[in-house]
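What TrEMBL records for this protein:
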TRANSMEM  12-32  transmembrane segment
DOMAIN    17-72  domain 'V-ATPase proteolipid subunit C-like'
TRANSMEM  52-74  transmembrane segment
TRANSMEM  86-110  transmembrane segment
DOMAIN    89-148  domain 'V-ATPase proteolipid subunit C-like'
TRANSMEM  122-148  transmembrane segment
Amino acid sequence: MGQTKNSPEYASFFAVMGASSPMIFSALGAVYGMGKSGAGMAAMPELIMKSIIPVVMAGIIAIYSLVVAVLIANSLNDGISLYRSFLQLGAGLSIGLSGLAAGFAIGIVGDASVWGTAQQPRLFVGMILILIFAEVLGLYGLMVALILSTK
């Protein structure tokens, strides 16, 4: 990689970290969310269809990060500027860390809600609303990441 005035040798490192960090952090959040709510679901096989919603919602978080990681990875090129690589790092961390937080929230809420819905079926609508608010955290990160990565 040739070094120019706006393109130091280490600039590509930050861009590659921007492409990999969404999947690293968001996959951790999605796995936690699926594992935590899936464990509660396995204990209640009679409510399998209602209990699978938190597991699916946690998996969707990883899809948001996959989209951003692919966008960033496809825009990598030789001689990338330091400014552009920091934008890509910010985009990756934005969706990755918000996906991590959303996955944790979905896991905690999903596990408690599965147990609560088994005891009181009227809690199902409340569970869905809280899960939607947790999922929106990932969408906020996706919006910021898309803005940063296309700047």
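Placement of Cβ uses the backbone N, Cα and C atoms for every residue, glycine included.
What you are looking at is a predicted structure, and each value in this text was computed from that prediction instead of being measured.
For the transmembrane segment (12-32), the partner stretch with the most Cβ pairs below 8 Å, chosen from 52-74, 86-110, 122-148, is 86-110. Packing against the transmembrane segment (52-74) from elsewhere in the chain are residues 15, 18-20, 22-23, 25-27, 29-30, 32-34, 37-38, 41, 88, 91-92, 95-96, 99, 102-103, 106-107, 109-111, 113-114, 127-128, 131, 134-135, 138-139, 141-142, 145-146, 149-150: each is 6 or more residues past its ends and has a CB under 8 Å from a CB in it. The DSSP breakdown of the domain 'V-ATPase proteolipid subunit C-like' (89-148) into helical (H, G, I), extended (E, B) and coil residues amounts to 57 helix, 0 strand, 3 coil.
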